[in-house]
Structures are given as structure tokens and as C-alpha cells.
Amino acid sequence: MIPRQAIRGGLRIEAHKARSTKHPIRAASLSAHYVLPLDQHSGLPALPLVKVGDRVRMFQPIAQPAPGISAWLHAPASGEVIAIEPRPAPHRLGAPTLSIVISNDGRDEPFDNAAAVSDFEQISPKEACEHIARGGIVGLGGAAFPTANKLESSLCENGPQLLLNGAECEPYISCDEVLMRERADDIVFGARALLHALCATHCTIAIEDDVPEAQKALSAAIEKACDSRIRLKVVPAIYPAGGERQLISTVFGVEVPHDGLPADIGVVCQNVGTAAAIARWIRDRQPLISRIVTVTGDGVRDAANLETRIGTPFASLIADGGGYTERMSRLIMGGSMMGAPLPHDDLPVIKATNCIVAASALDLQPRGAEMPCIRCGACSYVCPAYLLPQQLHWYLHPYDSEQLQRHGLLDCIECGCCDFVCPSQIPLAERFRETKPVLIRELDSRRDADAARARFHARNARLERLEAEHRAKLAEKRRPKIGPSSS
Amino acid sequence: MITALVTIAVLAALAGIATVATASNASEPSLVERIDALLPQTQCRRCTFAGCRPYAEAIAQGAADINQCPPGGERTAKALARLMGVEPKPVGKEFGTVPDYPAVAFIDESVCIGCTKCIQACPVDAIVGASRHMHTVIAADCTGCELCIPPCPVDCIVMRPAPGVVQ
Amino acid sequence: MTFGTAPAPHVVAHTGVARVMRIVIYALVPTVVLHVAFFGVGLLVQIALGSVTALIAEAVALRLRRKPVAPFLTDGSAILTAILLALCLPPLAPWWLIVSGTAFAILLAKHLYGGLGANPFNPAMVGYAVLLVSFPVQLLQWLPPAGMEIEQVKLTVGETLSTILTGSLPSRLTWDAVTSPTPLDALRTNLNMGMTMAEAQAAPIFGTWGGRGWEWINLATLAGGIALLALRVIRWHIPVAMLSAIVVCASFMYVVDPGAYAGPIFHLTSGASVLGAFFIATDPISAATSDRGRLIYGAGIGLLTYVIRTWGGYPDGVAFAVLLMNLSVPLIDRYTIPRIYGHAR
């Protein structure tokens, strides 16, 4: 059965997942040190709760969320805080960012999170949100948006639709696929917790049509849970079907407004990995201190999916995969389409690390020399945001902010589809990624200028009015001197 | 021949409709408005005119050059040159230096005597306060025009990098 | 360990400008083969002359513009321009026609505007239009197609070559004996002479549906065009819109007065309708951008082609129709930006 394709655009590309899904999930080896960047989630950096020299136990909260959008951090092992200093981080492409460094004493003494509750049905939805926040849960799909913040902003009266994203469309990444295969019960448990926290009545788990084993496991888990609110929806394996906005239009047939959030149309989207992490926190009292990381690519000897503690160095994961092959050439965090290129492997796994690709020349299709755009339109046929990348490229040089805005540069999701198909080998995604902040800055300064102009005019009008009133008063005062008023 | 004439007439009519439909209509901004839209609206008067709008009017009349706006810097000068169809040139030194980063005024509240002179000087109502009470600058609304600095009798106003500026 | 970095995406499809151009050239092979079968090897000589000129002109222009020569010379776009122009010229046209036409197309219509990807007009059609305006007599002297029930004049390869290069026929032949107007041209002349449509189309130069020989060449072109569609090198919008517009106009006028206007099948199978629809109007560089824009653009070309053919001064109108619509592309593009995801219409 091939489901109807509701999104336009996208690519059917080779998934490269078979290598890493051959074996079941195994635990990554423990590390001597764990490095935890304080800003590894979206929003504001967390505030440290520990000092250098403090002893911490496994699961102990070591940083609390800053006011606003932020998340808790927990110690992945027991040991000592040996530094709080800037360390290179993968989400900063290797640039240093303030991190807590914990040495592992190897004893794994657990910290008892006394606040933990195991029966979420007993607490109110609001308490459930707060509880999820205390577990340090963030979106594990790659953006690491704090889950509790997302839930709180999505609460609505008749309850939103919950959408669990199991459509892992990017090539190479298979951590969600193995999770769905092996821990489907966790996902269903997490889904029920999320349904409760959101007062939602329906949960749809989206899964791609090329992972039959995971589909079977999930169906079985849903049946076992006897929860009629949860259903499975198979979507076509098209990149980027798993993009939040693309998935919503595939599953529900409605689009998310360009200036809004999924919550505006009554949908909350969460990754299946996030649901499983919530299950572990609520049921097993384990906050988010580990995640499944896919290690794959032709540059590593054995591909695998490893249950990895947050903060483990990449190099240690590569060692778990048997080390680099001599063909190794590029290190990527994420998939081959949107993954971040990393300059070295002395970087910690963060909550958003779903995959590490050690890519060799066999994985990378070298780009040819860049040619001028021939406006063939191949890019516009694959754009999942329905843009005209060839026109955007045309207006990049000379830079024309008005046309770029009109042609929707800010609606670009940087998926790289246009780049992939471009016969002229133009690095379109990179150009758009670079130009978006420039355009945003310009629009901001224009908005500020408009506001300043409005205030200036308002002030001038006010001064004129005051002046006129003043003159009228003067005239009023002078009048009696000329003659008594008749009234 | 009749058919040919009719064809040409129809084509000409279509072209005419297209031209009328795309030609400047009433809602299209005037030249002064388009120039004004490019200016940063600091209202700082460094261009020697009484504000951004008067400067825009002067440019439109040809009474002022396109390089008289230091807050707008090179980008504004370029955009103006493009709009006016003249060669771009750097901002004239006589109009002041181009700031390296956006700045906002800051009032040292321990020194402020509450004279309200800066409030009267601020062209965009970005300073709040009352007589004999200390004043403060709404940083988000301040355009960095520096017009509040000279009137201050106790020199308690300084320029600071705008919030969000990474140095 | 440290590694080199490059921005995402880290994989790209196996494609390239040269590959696209090559496929288009391959898709023209059936057309060229049938053309040679009906009109002799003159076309091959023209293609050879045109290609050499195109490459030289391209190299000179690139050198003058200080651009890398090798990647652009091998991208195939110049050769494609030459082949399209050669297909439009009479097979025995003197060498300087194709040479000057190609040189004009490459140097003025392409590189003066900024080279590959920046030309607002289709270079081959600019070259053809310049030649048609400057040398109408030479351009309308076509050969009679093979298989006509009149006295056959067959030129050998050597004779073809010498005719093209010297501009004069072998002594045993006269121009009157070897030339014949194109079907569209013949139809116009006959109608102007006061013949009815039936009488006009009774001439031996007309075949079952359209021009003798031309109908088969057009079928071959259609096959090539469908191959391009199947390979997704071109999309259906422009060809379908253009051919539909021709069919609609021709059917309408045919219904109005079948005695004075040729039917839609004749228009499709004569002249450059099919070549224009699949290979010339679809040149993406000078075409409209969005799907909707391409429908309008294609329909405009079809309409103008019919108008010029039927009431204009030239027998075929594809070249001028394409150039006129190239002119309106910025306008079309401005009003046909597609709806973006998440935006209201």
C-alpha cells in the first residue's frame, strides 16, 4: 500500500540505513569525562547549579533552566565537577561554549529525584508539564527544543492533536527506526503521558513506508496498550517528509501558517525519541542523560546504534564502532542532507546528536565546479516549501531584499533538496542559510525605522497641537482686555 | 487584411491593458516616500536637515546629495544611489563618522537631576521621566541620534552599544 | 583527529549542465536522421559548420570576458544553439549564413548579456531572426523532400559540400531545379494566388497531414520531445500549452472558414511547431519560471506563432513568437509567483 503523497516536492534518495540497523541497540562504552554544554538546547543557556569541585551523582540536576525557554541538565554519571569553562561543542560547529565537565568515578551512584512521580494520571496536566521539564526533556529530533516549553505554549481548550514524528527521512540516521523496533512500548507510554499533559484526545504516530519492522513493533505495542486514542499513520519515505511542517501537511492535509506554529492549527509535534525519553523519566525516574546515537558511514569500521550518555566524546563512539577506516574524510553530525560538518572529533554528544556520519568519498558525492544557473527549475520541483530557488538565487546577487522577501527566502527550511538536484552544482542551501540572517536583520531595522518614524510624526503632531492650544489660550486671555465678553 | 488589422488591434489592446495594469497607480509611493523609506529614521539631523523626511525632500528636489546620512552608513548611501540612479559614494566626513555598531543613549540615573531637557530634545519620545524625577531611556525605542546629549546640564548621558550588539 | 568541512548537503545528485545539454542533443538525433533522409546530407554540413563556429565564438567571448574557457566550452550549450539554428536553415544554404547566424547568436545574443544563464532571448532564435530579416531569399529556398513524384535531383555528399562552401550548384543543376518552398510558404503563396485550400494542398509538396517529409520529421521530433519529458529534462507545461494554443486557434479558424484556413493537423505537422514546442520554447534560460508562468508563456508562443503564420509576412512564426514571449518573461514572472507553503493564496 502506497499512501497518498500530500506534500509536493521532496526527493526519494537512498537511505543508507541498512548498515546501522543490522544489529540491535547496544550501550556505548563509558567515558572518563563528560562535557555538557549549557546551551545544548534551543532557547537560553541553562544556569549551573554546581561549582567546580562539587561531587555529583548520576541523574543529579546540575543546571537549571533560565527564565523563558530553557531546559534542565543532569549528570550522566557520578563523579566530580572538574571544570565549568568554554569547550568546543558540535552544535557550534566546534566553537567553544560554556560547558560543565564531569569526571566519571565509575560507580554510577544514582541520585534520587524525590520529585519524580510514576503515576502521571494522578497529577494535573499542568503539573505533568512541569514534571516533564524537570526531566530535562528536549526534542530529540535534532532541534532540541525544550519539550515542556512546547507543551505549555500548545495547551488549548479542546486539546490539540498530538503528532509523534517517527518519519526519519534523512539519509544515514536510524536511531528512531531502531528505537521504534526495540522500544515501541516506551514510545506508547510516552505518547499516553503526552496526551495527558496536553489534554489531547488523539495521537498519531507517523512512520515511513520503508520500515516494516518498526511498523509491526509499534502496531503491536499500541494493541498491547489498548489505547484507542493512538493510531499509526504510514507516510511515504520522501525526504524531507519528516520535517515538522511537511509532516503535518502529509498527515493532516493542512498547512502550518508561515508566521505561526503548529499549535496555531491545533497540532503538537514531538519526536518518537522524545516520547521514549518521557517514558523513562516518568516510569523509571531516569532524566534525559542518554540517547540513541547512530554511528555510521563508510569512514567507520562497524556501523551501530549506541545508547550513549550525553557528554560522551565523539571519538569514544567512533572507537566503539571499531575506529576510522583509512577512507575516512568528513565528520558529520546529523544526516547527509542537513548534517553539520565538524572539524574534529573531540566534541561531546549533546541531546540533539542523533547521528554521527564518518563519511568517506563513497558517501560524499563530490560537487562539480559551480556553473551559472540555467533556470531549469529542477530546484523548484523539489522544494517542499514551494519556493522558486532559482529566483531566490537570482536575487541574491545583486542582493535585492524586497524580491527575496517576496519570493519567500525566510520560508526556506534549508533542507538542501534544491542543492541536491541542481545541475549547475550551485550550493543553494548554503547561500540561503547565509543570507537569511542578513535579510532578517534588515527587516528588523526597517521595522525599527518605521516605528521611529511613527513616533517622530506622533510627537510632531502632539507638539503642534500643544502649540495651537497654547495660542488659543493666549488669545482667550487677551480677549477680556478688549471688551467684556457677552456671555 | 481586415483580420490582420483586427489581430493587431486586439494585441495592441491587450498590451495596453497590461501596461495600464502594471503602471504606477495611486497607491504607489512618491519619490520622497521611497527615499524616506530608505533612511534609518534616527531623526539625528546630522545631514543638516531637520529630520529624515526633510532630507528626503531635499534629495528628491536635488538640493542634497545622497551621502549625508552617517547613521545609515554605506548601505543607505548605496541604496539611495541606486534609487536615484547616481554613482554611489562614501558618507561625507563633514556630516560625522559612521558608527561601527548601533548605539543607544544611557542616562546615569545617580547623576540625573530631572531637568526634562533631554526629554524635550528627543525626537522620537524614547526618554521617559518627570520634572525633578530621574529620567530613563527606553533602549528599544532609542534611535541613537545623540540629540539628548548637548542639552544635558550635568552631562549624565552617554552612548552605549544597543542591546543585542555583540562586540 | 581533524577533518575538512564543507557545508550541507553532503551529497548531490549525479547531474550537470553538460549532461542536460547532452541529453537534449541526443533527443534531436531522430529529427536529424529523418531530416537527412528527406533532404540530404546538407544538414550535417550545416551542423558541423555551426558547431565549429559556435565553439570558436564561445571561446573568444569567454577569453574576452576573462572567464574560464574549458568548463563553458564543454557544457554543450553552444553546440545545441548551433544545431537548433542549423535545423532552421535550408540544407543547401551557403556557409556564411550558418556561420554569421551562429556567431551572432553566441557573441551578441548570449555573451553580450552575460553568457550562459543570463541571456534573456533564445540565442538560436535571435540568430535565425537576424538571418531571416537580413537574407530572406536564401532562407526560404528549401529543397524538395525525397519521395515527391517529380523529377528527382539528388546531390552527392561532395556536391552538397561544394554547394554550401561555394554558394553555387554543380554545373549540371540550376537553383530552380533543386529548390522548393517550405510547405507553409507554399500554402501561403498558393492561397495568395486565389486557390482554395483543397487546390492549394493538392500540390506534390504536401503529404497526408502536412508537408511531405515534414510530417515524419515532426513525428521524430515529437518522439525526442517525449523522451525529454520522460527524462524530466523538460516539463510538460510549455509544449502542451504551445501546441494546444496552436490547435485551438487553428481549429477555430478552420471551423470558421475551412476554405481559407488550414486545419490544426496541418499546423502541427508542418513548419517548426513541434521542434519549437519541445526544443526551442523549453529553453529554460529564456522561458518563464513558474509552472503557471510557463503555461502562459507557452500559450503565448502558440498564439503568436499561429497569428504570424496566418496573417504575418513570414511563412513560419515560431522564432518571432519565441522572441516576443522572451520579452514578456519578466512581466509573466512578476505575476505568477507560486504560493509558498503556509501562505494564503
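Using the three backbone atoms N, Cα and C, a Cβ is placed for every residue, glycine included.
Predicted automatically and left uncurated, TrEMBL annotations should be read as such.
A:Cys422 ([4Fe-4S] cluster 1 binding site) falls outside any helix or strand according to DSSP and counts as coil. Counting Cβ atoms from all protein chains shown, A:Cys422 ([4Fe-4S] cluster 1 binding site) has 29 others lying within 10 Å of its own Cβ. What TrEMBL lists as [4Fe-4S] cluster 1 binding site is A:Cys373, A:Cys376, A:Cys379, A:Cys422.
The feature [4Fe-4S] cluster 2 binding site is assigned by TrEMBL to A:Cys383, A:Cys412, A:Cys415, A:Cys418. A simple way to gauge crowding: the CB of A:Cys418 ([4Fe-4S] cluster 2 binding site) has 30 other CB atoms within 10 angstroms, across all the protein chains here.
Residues or ranges marked as coiled coil by TrEMBL: A:449-478.
Summarising the annotation, TrEMBL assigns domain '4Fe-4S ferredoxin-type' to A:364-393. Mean model confidence of the domain '4Fe-4S ferredoxin-type' (A:364-393) amounts to 90 (pLDDT, 0 to 100 scale).
Counted within 10 Å of its Cβ, the other Cβ atoms near A:Cys373 ([4Fe-4S] cluster 1 binding site) come to 23, all protein chains included. What surrounds the [4Fe-4S] cluster 1 site, by Cβ distance within 8 Å of the Cβ centroid and not counting A:Cys373, A:Cys376, A:Cys379, A:Cys422, is the set A:Ile374, A:Arg375, A:Gly377, A:Ala378, A:Pro389, A:Gln390, A:His393, A:Cys418, A:Val421, A:Pro423, A:Ser424, A:Ile426, A:Leu428 from the same chain. If you compare Cα positions, A:Cys412 ([4Fe-4S] cluster 2 binding site) sits closest to A:Cys379 out of the binding-site residues A:Cys373, A:Cys376, A:Cys379, A:Cys422. Comparing A:Cys415 ([4Fe-4S] cluster 2 binding site) with A:Cys422 ([4Fe-4S] cluster 1 binding site), their Cα atoms are 13 Å apart once rounded. Checking the binding-site residues A:Cys379, A:Cys412, A:Cys418 against chain C with a Cβ-Cβ cut-off under 8 Å leaves no residue at all.
Distance noted between the C-alpha atoms of A:Cys422 ([4Fe-4S] cluster 1 binding site) and A:Cys383 ([4Fe-4S] cluster 2 binding site) is 12 Å. Counting other Cβ atoms within 10 Å of each Cβ, the lowest count among the binding-site residues A:Cys383, A:Cys412 belongs to A:Cys412. Remark: A:Cys379 ([4Fe-4S] cluster 1 binding site) has A:Leu388, A:Pro389, A:Gln390, A:Cys417, A:Cys418, A:Asp419, A:Val421, A:Cys422, A:Leu428 as non-local neighbours, by Cβ distance under 8 Å and separation of at least 6 in sequence. A simple way to gauge crowding: the CB of A:Cys376 ([4Fe-4S] cluster 1 binding site) has 26 other CB atoms within 10 angstroms, across all the protein chains here. The [4Fe-4S] cluster 2 site is set by A:Cys383, A:Cys412, A:Cys415, A:Cys418; from the centre of their CB atoms, other residues of the chain with a CB within 8 Å are A:Gly9, A:Cys379, A:Val382, A:Pro384, A:Ala385, A:Leu387, A:Pro389, A:Ile413, A:Glu414, A:Gly416, A:Cys417, A:Asp419, A:Leu428, A:Ala429, A:Phe432.
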